Amino acid sequence: MKKLLLIATGGTIASKYTEKGLSPQISAKELLSYVPAAGDFCEIDAIQPFSLDSTNIGAPQWLALAALIEKSYISYDGFVICHGTDTMAYTAAALSYLIQNSPKPIVVTGAQKPIDLAITDARANLLDSLRFASHDRAHGVNIVFGGSVIAGTRAKKERSKSYNAFSSINYPQIAVIQDDRIVFYIDDKGQRKAPLSFCQKLNDRVFLLKLIPGTGGSVLEALASSYDAFIIESFGVGGFPDYGDGSFRRAIARCLAAGKPIIMATQVTHEGSDMTIYQVGKVLKDEFHLLESYDMTLEATVAKTMWCLGQTSDYAEFRRLFYTTVNHDILFA
Ligand code: ASP
C-alpha cells in the first residue's frame, strides 16, 4: 500500500461559513475523515503547516511547502496538498520550479464547495487526488480537479463557481479520472533523464503590468526601481503601444540597462504570444531581444520569472533558464 502525506493549507475545501464569510477551519485530519474509501488503497499521514485562504498565499508559503516536501520526501510515496482554488495555479507552477523531476507525485487539489456540505465537489477531488498520488505511473507536480489531471505549469482557473474550474492551457491533460479508473494521456514516467532537484530560492520582486488601451511606458518607468523583472501582459500575440511619444521604447531600454528582464505575455488565454508577427512587436523584439512567454500560462510565467530571478542575476543565464522546459511548461521557445 502506498504511503502518502496530506498537506492541508486552507482554502474553500477546508472552510466553514462564518458571519464574516467562508474561512478555513477544517483540520487536515478532519478532511481525511470525509474520504474513508482512501483507506482501501493508501495509508495517509496528515499535516497542516498553515491554514489560509489562498488569496494570502505567495512565495513564502511556496518555499515552506517545498521545504516540507523535501524534508519528508524519503518517508512518503506521494504528497497531496489541499489548497484554495484562487491561487492554486500559481502554487502548482511555483512547486513545479522548486521541485523538479520528482519521480514521486505531488498533487495539488481543492474544491469549489467546503467538504462538510451535503453537495460538494470536495470529497470527489480529494479522493481522486489520493488515488492519483497512489498510482505507480504518477509523478511530478500536477493539479487534480474535477476529474482532470493537469500539469502544474499548465493550469488556469477559468471558472469562479463551477466544479470544472480548471483548464489545461495550450497542452493536453495528463490524465482523466473516472470513478476508480485513471486514464493517462501523457504517460512519461521513467523517460526523464534529469535527477530530482529541490530549490529554496525565489525572488518575488516581479511586476505584472496588464496593458489597457492608453497605457503608456511612463507606468513602467515609475515602477522600475521597485521591481527586478516585468511581465507585460499585452494584446493579442503581443506588442507595445506607441502613442507617439516613444515612452515604452525608453522605459524598456532603461529597465534592460539596469539588468531587469522584461517578458512579453498576452492577455489572450489560448495559443500564446508571437511578437514577430506585427510591427508593433517585432521592431522592439528585434532591437532588445525581448523575452516572451509564447505558449506558457501567465501563472507559470510569473512563477518561472520568480524562480529564474532567484537563481541568477546574469541576464544570459536568466534567458537560458527561462526558455528551458520544466514540467511541460513551454513548447514553442
Ligand atoms: N478564496 C478561496 C481560496 O482560494 C477559494 C477556493 O478555495 O475555492 O482559498
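Heads up, the Cβ atoms here are built off N, Cα and C, so glycines get one too.
From the candidate list S54, S72, S102, the residue TrEMBL records in the substrate site shared with T85, D86 is S54. D86 (substrate binding site) and T12 (active site, O-isoaspartyl threonine intermediate) have their C-alpha atoms 9 Å apart, to the nearest angstrom. Between the C-alpha atoms of S54 (substrate binding site) and T12 (active site, O-isoaspartyl threonine intermediate), the distance comes to 9 Å. Around T12 (active site, O-isoaspartyl threonine intermediate), the C-beta neighbours below 8 angstroms that are at least 6 residues distant in the chain are L22, G84, T85, G110, A111, Q112, K113, P114, A122. Confidence over the domain 'Asparaginase/glutaminase C-terminal' (205-322), given as mean pLDDT on the 0 to 100 scale, stands at 96. Taking the mean position of the Cβ atoms of S54, T85, D86 as the substrate site, the remaining same-chain residues with a Cβ inside 8 Å of that point are G11, T12, D53, T55, H83, G84, T87, M88, G110, K157.
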